[in-house]
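Below is one structure, written out as structure tokens, with a few remarks after it.
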Amino acid sequence: MAGNTIGQLFRVTTFGESHGLALGCIVDGVPPGIPLTEADLQHDLDRRRPGTSRYTTQRREPDQVKILSGVFEGVTTGTSIGLLIENTDQRSQDYSAIKDVFRPGHADYTYEQKYGLRDYRGGGRSSARETAMRVAAGAIAKKYLAEKFGIEIRGCLTQMGDIPLEIKDWSLVEQNPFFCPDPDKIDALDELMRALKKEGDSIGAKVTVVASGVPAGLGEPVFDRLDADIAHALMSINAVKGVEIGDGFDVVALRGSQNRDEITKDGFQSNHAGGILGGISSGQQIIAHMALKPTSSITVPGRTINRFGEEVEMITKGRHDPCVGIRAVPIAEAMLAIVLMDHLLRQRAQNADVKTDIPRW
């Protein structure tokens, strides 16, 4: 199975399945001498882990990360960092009824078409459980970016169903179970989630992630444009069906005179481009959005077939998120951090001696 690695100089390779013994990853390219402990990684893992609120899956995994290699006496050595998280709350019996049935909207059908077999227990490798290791690896990148470059990466929920959320207060994001930055909409989200749980249904969501303090010059045209790599990273997250950079699809309705980010001696006057021009960071905030589909793991009966081609009706049992977008916030932050870390190392490798007299803001 290919496709388990992302990055060129900062490389993250993950392994493991939803109901296997453990999840793990190898992180290559971390510079030596960076203070690093398991506690540095645990904060973001706790933000992502299941069972932390009544609105997410009640699978209770502590997600305690272990550093197996690459750190000596509290600092990175420059060698591969091995990370491991044990699975402790699997209930594989919940999935015995779907051993021969393809859940509609899931990867069951496509995995079996590709490999000739599948791990039906919680989706196996296709499960969002895999993203725990992305968050752990991303926490390393976030620490390096913050301490060495002053880069801050933040994410939040900006829409659930037909409820749009304004970014009014970043400090509020960590104070409610929805990662919601809009104090006026929390009650509406709560009401929607309670209704969905009662109906046994689910809902889609939009997540926004923002990086501040990113220097100008990151990105490798033409095929490794910074926005292309960000889109690739975010699209690789489970349930993501669309990614926008900056104003995204809204630019369709704009004229060139409206969309261009004009520049004065005081800097850029707008940021429709989301901080990236020509595939290279401009020094402005990098802004990306991603749309997540409603999970298909619901108790509303649906039609499908089994592996023998027979039509059946099924209800998905188990412990699932009514809105997968909620726990996707720290995952999006991690993936953006991984991409920025990789591009910073690539920029330093090729263009460390480049100096310009062009203004920077």
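Just so it is clear, glycine is given a Cβ too, placed from its N, Cα and C backbone atoms.
What Swiss-Prot records for this protein:
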type	residues	note
BINDING	ARG48, ARG54	NADP(+) binding site
BINDING	ARG125, SER126, SER127, ASN238, ALA239, GLY278, LYS293, PRO294, THR295, SER296, SER297, ARG319	FMN binding site
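Cα separation, ARG48 (NADP(+) binding site) to THR295 (FMN binding site), rounded: 17 Å. Secondary structure at SER127 (FMN binding site), taken from DSSP and collapsed to helix, strand or coil, is coil. Cβ neighbours of SER127 (FMN binding site) (same chain, under 8 Å, six or more residues apart in sequence): GLU17, SER18, ASN238.
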